[in-house]
Amino acid sequence: MAKEIKFSDSARNLLFEGVRQLHDAVKVTMGPRGRNVLIQKSYGAPSITKDGVSVAKEIELSCPVANMGAQLVKEVASKTADAAGDGTTTATVLAYSIFKEGLRNITAGANPIEVKRGMDKAAEAIINELKKASKKVGGKEEITQVATISANSDHNIGKLIADAMEKVGKDGVITVEEAKGIEDELDVVEGMQFDRGYLSPYFVTNAEKMTAQLDNAYILLTDKKISSMKDILPLLEKTMKEGKPLLIIAEDIEGEALTTLVVNKLRGVLNIAAVKAPGFGDRRKEMLKDIAILTGGQVISEELGLSLENAEVEFLGKAGRIVIDKDNTTIVDGKGHSDDVKDRVAQIKTQIASTTSDYDKEKLQERLAKLSGGVAVIKVGAASEVEMKEKKDRVDDALSATKAAVEEGIVIGGGAALIRAAQKVHLNLHDDEKVGYEIIMRAIKAPLAQIAINAGYDGGVVVNEVQKHEGHFGFNASNGKYVDMFKEGIIDPLKVERIALQNAVSVSSLLLTTEATVHEIKEEKAAPAMPDMGGMGGMGGMGGMM
């Protein structure tokens, strides 16, 4: 297929047009007074969202070059959401502002490489100031505040997340699912999570979230590597008769065995998933034993005189629900005996008390938390399916952002943290590096300005007022007042601000240093030929009808 090439300003201007369209669709969702975006779905009812990344994911433009620009910034929004759980709109607004300012200077003759270097130095200095200004998340109240803001100012969601963290600990496992009624609920169930994802994406049952979910499932636990199908065929036939899903946790599953499982999963013959066993060496054996005790199963190991070929269904563990993504496996509602679990917990506590190695102690404490902490399940209620999906997305975002706040600390929210950090940065740069530095200094005002505009205020006036002051002074877009942001509970996770700025600078630098684009030329499909009308000459005789 023929390709078209665009060069320099022509290419960058088209890329900018794509970024602008994406930005214009996403920016309206920003802040406590952000607006909704209605998205048409290929099937079912349209979805309503105030989540920037959900809007970005749906955007596909007809112009191939503009679409490349939009897709690059869309990737930034997604990566920011993956890493920090929030800040997607901030990253998009920053990327657009940096690209817009940069494009104007490069078109006027600035050196893109020097400009990029200045931008990188400015961003690094601002991030260092953000870190200095951050403070650790203290109690339940601050966790509630962070979660509330990330859930688009929904206090009920903020309180649910804070309650969940209080019950399972800051490092505990919290999952989100749909409630049967319209009320939100919080349940704590016995469960465990370990850091191994599915061995093949073909095991996925939810394509949108890329997760595999197995309900009322059997669990096969073995410390053996499975490479031949004949090893597990007898056991598979027995579980198929029971009609229940199966999760295989083994040292590894490869070759013919994995291929056969995937093919049978795709054909609908087996409802199955497979993951590698967590840990290494002796720790792996102990962790397999932990899972076995939690689920009421038995580790099939040759050391115990057990083989896969002769294994019975009674050896399998059982769980009410298993959720697997590309990185983690969560087992909820294991069917093991509570007394066995308590004995195992006591055994691990004894090992913690007797070990002298800090590393071993840390790993034992991780195992203890997995066994005894349980899994908090936030059940989201809503009156309609559209509302349910929108609310569930908000809870997921708020949960990730809250974990980010606990991890790295918090800064003042409402777009003010970037401005405060920038006020303390003074770099002595020259020529086009200075141009890059000034681009960042202007662009970091954009998030606050956009929050104010969405709330019905003049963005420029609000930014100027905030810049006149120092400390925690900022703008509360909910009521239009200038307040102490920490006292009002308007806070953002440092990680969200940091990653949003880093990703925005990264993608803007790529776009500004792009000198050519290559894309396929869409071939126009020829219109279908008109049918031959030769045999219809007799129609001329219809003239007498006049």
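Just so it is clear, glycine is given a Cβ too, placed from its N, Cα and C backbone atoms.
With Thr29, Met30, Gly31, Pro32, Lys50, Asp86, Gly87, Thr88, Thr89, Thr90, Asp492 listed by Swiss-Prot as binding ATP, the candidate from Gly169, Gly172, Gly181, Gly414 annotated for that site turns out to be Gly414.
Residues Thr29, Met30, Gly31, Pro32, Lys50, Asp86, Gly87, Thr88, Thr89, Thr90, Gly414, Asp492 are recorded as binding ATP; their most distant pair of Cα atoms lies 18 Å apart.
Long-range Cβ proximity for Thr29 (ATP binding site), meaning a same-chain Cβ under 8 A and a gap of 6 or more residues, is found for Arg35, Asn36, Val37, Thr49, Lys50, Asp51, Gly52, Val55, Thr89.
For the recorded site, Thr89 (ATP binding site), the DSSP three-state label reads helix.
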